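Database features (TrEMBL):
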DOMAIN    1-254  domain 'G-protein coupled receptors family 1 profile'
TRANSMEM  17-40  transmembrane segment
TRANSMEM  60-79  transmembrane segment
TRANSMEM  100-122  transmembrane segment
TRANSMEM  142-167  transmembrane segment
TRANSMEM  198-217  transmembrane segment
TRANSMEM  233-256  transmembrane segment
């Protein structure tokens with residue numbers, strides 16, 4: 001919420017990349033909200049989160065939608081950063097504010113469509129044979145359809161874009177060195193991008209890899225719910241906690257560092273004070 005507030009209230013942050021950052025914060029907010037909804041259902045009626053119920057379709061669908069939106073936003077941010085860095089090299093395409101708004105709209109439409117497929121009928125409320133053990137009443141084939149391509153997308157596309165950014169910055173640094181000019185800016189940018197990309201990869205690996213492993217286990221498992229209780233469901237809850245940690249880490253990695261966040265909040269807090277002084281004068 002702090003990221004959304006500062007992005008909307010600060011005029012100098014109304015840029016194409018800021019729209020993607022703000023939308024990423026919205027996706028993380030939806031992920032946290034849907035996870036809290038599932039947690040409350042577990043507290044009030046644990047059996048429906050283990051054996052499945054019609055009441056679990058809506059929260060699971062919202063949870064899936066928010067996770068898909070987060071993945072698509074991360075991919076969009078990587079592509080936008082690559083286009084911004086490669087703009088002066090060989091491409092004339094410039095990302096505008098309208099492009100970011102269109103990308104945000106497409107991301108949410110795609111995420112809602114794929115995430116709400118169980119609400120449209122692709123569920124296993126009346127089909128016990130292919131029902132998911134971890135995420136009942138979802139079907140195993142639906143989880144495979146959602147998890148495999150999107151997890152691969154979340155790993156491959158950022159890997160390509162950030163590696164390309166590092167390569168472009170390194171080429172510019174070598175070109176500047178050949179001309180006898182200072183290269184401190186490019187060296188600093190290359191180091192910052194490398195650190196950020198490594199952090200992105202580690203955060204994605206820690207958060208989404210266990211969920212992907214759970215889906216693979218779900219597809220190969222032949223035992224019923226009671227035989228797997230409680231160990232497998234503890235693992236499922238841990239994967240949900242890791243995804244929530246991703247929602248907390250994204251603002252620090254992509255949007256605002258702690259010092260920058262404090263400076264922005266201080267500037268926003270000083271705006272009403274300055275207006276009062278101006279009116280008094």
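A Cβ is built for glycine as well, from the same backbone N, Cα and C atoms used for every other residue.
Automated prediction, rather than curation, is the source of TrEMBL annotations.
Panel annotation: around the transmembrane segment (233-256), residues 2-3, 6-7, 21, 24-25, 28-29, 31-32, 35, 38, 50, 67, 70, 74, 77, 134-135, 196, 199-200, 203-204, 206-208, 210-211, 214, 264 of the same chain, lying at least six beyond its termini, place a Cβ under 8 Å from a Cβ of the stretch. Here the domain 'G-protein coupled receptors family 1 profile' (1-254) returns a mean pLDDT of 79 for the predicted model.
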